[in-house]
C-alpha cells in the first residue's frame, strides 16, 4: 500500500478516536457573543470618587484579578483598578483573527498589547486591557500539571481546585472545531512517538491531545473579563485607565496595607481605602506586581535606599527569581496554501511542550513573534512549529527603570538558557521537531521529495541536518530563542508570600497572579491563573466566615456569663 494512502487512513483513524473521546470532559461553555454585561458597573477612573472605601481593593483586572473580584463580591464591596482600557475600545482583541493583528499594532501607550524588550534583547509583550493577557493570548486552555501542587508551598484543597476549574470552564472554555492543519499536526505528533493519544482533554498529561480554547467555534474570544458577570453587581465596581502608583501603609498596630493611590487618565490622584478586615490584593501580573511593591517601599533594603525610595519593609526577594519559558521554532512554507488555524493540538513530554499553528502571510512583523525585526517575513501561508522548555530553571530579576513613575515599564532580565538543563531540554525538543518533520503526515507539505527533515521550504533559521549534533542544536536554540509570553515569578510563595498568598510581614496585603510561582503550571498557564483567582477568593470568604463565627461565639459566651 502506498505510504500516502496509509497516512490518510491513519489520519482518519486518529480523528475518529479524538472525536470519540470528546464526551469525557464535563459540559463546557457554548458559543455566544462576548458578554459585556459587566459594563453597567465599569467606569473610567475619571468618573470614580477622589476618595472611597471598600472591603477589598484589587490592583489589576487581569487573568486572576477578574475571577477574584467576582468571587469576593458575593459578600463584600470590591473595587478593581485596571490600568488599561475596556476591550470594547479595541474590537480586534475579541477575535481569533485579531491575535496576530494585536501584535502588529503599534504601541501608542494605550493599545491592549504593551511592548517591552528584556535586557536579554528579546522582544516581549504584556496585557494592557481589562481581562489582561487572557484578552491578547492565543486562547489555549489547559489545567495545571498535577505535580505542581505538591511542590508549590500551598496546602491546596484539591476538591475545591477542581470545582474552581469547572466554574471557569462552564463560562469561557470551548471544545475547538475541527481544523485540518491541527489534525495533521496531531497525526504527526503520534507518528513521532508523542504517545499516548488522549483525544480531547483539559488535563496536562504526557502525550498528544486536543486541548480547550477560549475562542468559541465562531472565533469569538472569551476571557477573564466575562467572569466579572458572575459577581454581585451591587458590590462590584471596576475602574479602567486607573494606574495604581503606590500602596498606602499604616504602622498601627502592626504594618498594615490600608489602601492605594492611583491616577486617572487626566493625571488626577485618587485614594481607595480598605475597611476593617479588608485587604489590598495585587493582581498586576509578573511585571506589574513586583514593580508596584518596589515603588511602595517593599523590597531589598539596600536597593530601595539607593533609589531614595523610603523602605517600608525589607523584602530581599521581591523582583527576584523571574522566569520566562523560551520558545524555539521552525517555520515551513508549504507548496500550496493552508487554512489559518489557532492552536488546539498539543504534544507534551516531561521536558518540553509543543504545538503548531498556521497563518496567512503578513507584511508587518508581529512584535515578539520572531526573535528580531530583521527576521524574514512569509510571502505565503506558513506553519509554525514551536517548542517550549518546561520549567524553566534559568531565572533573572526585575529592577525599576523609574523610581517614581509606575507607567514606565521596569527592566527585566530572564537569562534564557543560563541553566544547562534548560538548554538540554531545548535540544531534546527541537530534535523532536525534527522527528515531526520526518513523518509521513508532513510529506505533502514539502516542496521537494527528499528524506528526513529535508525538502521543506524553511522560513528563517533551519534545523541542523545532523540530528546527533548536540552542539549544533545548542547553537540553534540560542540563536532562535524567542519568548513564549509565559513569564512568571518575582513574588514567590515561600520567598515573599506565605502559603495563603499573604505578603509576609504585612497585614491585609496579598498577591494573586503569575508572579507567585517559579514555574509555568502547564502547557499554557492561563487556566491555572483563572482558577487561582477564584480559588483564593473562596478561601478568603471561608476565612472571613470562620472569623465571624468565632466572634459570634465569643459574644454568645460573654452574654451567657452576664446572664
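Any Cβ shown, glycine's included, is placed from N, Cα and C.
Not measured: the values here are computed from a predicted model.
Copied over from Swiss-Prot, here are the features:
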type     : residues                                                    : note
ACT_SITE : 486                                                         : active site, proton donor
ACT_SITE : 524                                                         : active site, proton acceptor
BINDING  : 63-64, 82-83, 129, 133, 137-140, 244, 485-486, 514, 525-526 : FAD binding site
BINDING  : 355, 484                                                    : substrate binding site
DISULFID : 426-477                                                     : disulfide bond
CARBOHYD : 145                                                         : N-linked glycosylation site
CARBOHYD : 162                                                         : N-linked glycosylation site
CARBOHYD : 379                                                         : N-linked glycosylation site
SIGNAL   : 1-27                                                        : signal peptide
Mapped DSSP class for residue 355 (substrate binding site), helix or strand or coil: strand
Chain-internal residues near residue 137 (FAD binding site), provided their CB is under 8 angstroms and they sit 6+ positions away: 99, 485, 524, 526
Cα-nearest neighbour of residue 525 (FAD binding site) within the listed recorded positions, 162, 477, 486: 486
Number of Cβ atoms other than its own within 10 Å, given for residue 139 (FAD binding site): 27
Rounded inter-Cα distance in Å - residue 379 (N-linked glycosylation site), residue 486 (active site, proton donor): 28
Cα separation, residue 139 (FAD binding site) to residue 355 (substrate binding site) (Å, whole number): 13
Least surrounded among the recorded positions, given as 63, 82, 355, 379, 477, when other CB atoms within 10 Å are counted: 379
Nearest of the recorded positions (129, 244, 477, 484) to residue 145 (N-linked glycosylation site), judged by Cα-Cα distance: 484
Number of other Cβ atoms within 10 Å of the Cβ of residue 129 (FAD binding site) across all protein chains: 30
